[in-house]
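As recorded in TrEMBL:
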BINDING   47  ATP binding site
COMPBIAS  379-393  compositional bias 'Pro residues'
COMPBIAS  394-406  compositional bias 'Low complexity'
COMPBIAS  407-419  compositional bias 'Basic and acidic residues'
COMPBIAS  420-449  compositional bias 'Pro residues'
DOMAIN    18-283  domain 'Protein kinase'
């Protein structure tokens, strides 16, 4: 029956604008198709409500409410909604951005091909925390956070960004009963104790589910397994194990264990009280522990080359099954079946032996010594004296800098007599010649060359904010807005120096141009969140 519907739907044009091209994936409330926006000439994803649910007005309103809620949330880590509506033929749909990549559940299943570290898990978790914080700030509760509802989308620059999907059972925080009929909705493996008990919920229920998501990202499995009723009882009564106890080789620190276990506290009052607090705790953790976690992250294989075309998106449904928010309950049966938690993380690559590094360092210092000697030997006298020392000074002691200092006393002893003989005509003048030469020694001796090196720092001309200002001026000229009101760009920088988020305070053409100017600028490789710049 479903294939028959696919045949009927493919080729259909919705709202005289969106053409249905092919199936991408199936979910609990609807199927997701590849679409084409014929007005803007771009690809998109189309989520169509199941035919059996389209006959139920309650299901239709719930489906359209999901589209309205997502559309009201303007955040880089939440999927964008373009349009929604009902067709006279009975088709109920909404159009959203087309994402290339895979959901976090699929990434976990492919961890052998694409291993990731606790550092990666924390970076993703921070993005998820920002997205959920935006949901909470809008007065909503997601109520179905799980790894299959977070999509790891590829960006044009080859990086990845988390996108929160599927708001099918989200509700306003002041009307947080699960359903009017008392039927509990959600995924048991991720549900909070109060959600399982069908009690009134607030944002702290999402914080518990977030803790389960982070637990699975770190260990490869959910904290409690078994039949749904057994899992539900454990969430209510049993203490979760520390993630490090299930993945001892993953390098999970006690501080990271503590964050996960606090998020999963049984009593809402014992958890973090906001997603901003969770995000800040993870950010502080990364700043403290990033040096220890980075070698594991460095062991990841290089990313596959990205292609700019979106054409293959609907030809490989297994890779695109979570292109949109369609599968909020499809992953329920498989939760908690992972059996090799330590395989989630890449073991640190063997480091080079210290002797080889020492030899390499000595070689570099030797080369530097030769270069320094040559730069100081501009005048004819020093070369014969300084030429022999470099080969001896470099192997003898790499960190010593006295080699140039030793060259200082030698020049006055031998080279000066060589320079003085040329003007021997006036007998009293050689002393003045000696007096004139000594001032040259301090100029050569106190390593001005090193000072010049310090002055010529590559960071000075590459100040990222100056680059951003130059790009912003071009944006304002291009949009005829020179001298206009400032637009604030809220941005974040990852540990690799790439901008991971760039959101303008004004969402017009100029705002987008300024946001792109920040996004395309490399910054210092240091994690920085919540930065703002007025352009």
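Residue numbers in this text run from 1 along the chain shown.
Using N, Cα and C of the backbone, Cβ positions are placed for all residues, glycine too.
Since this is a predicted model, take the numbers as computed values, not measurements.
Taking all protein chains in view, 29 other C-beta atoms sit within 10 angstroms of the C-beta of residue 47 (ATP binding site). In the three-state DSSP scheme, residue 47 (ATP binding site) is classed as strand.
Mean pLDDT across the domain 'Protein kinase' (18-283) comes to 89 in this model.
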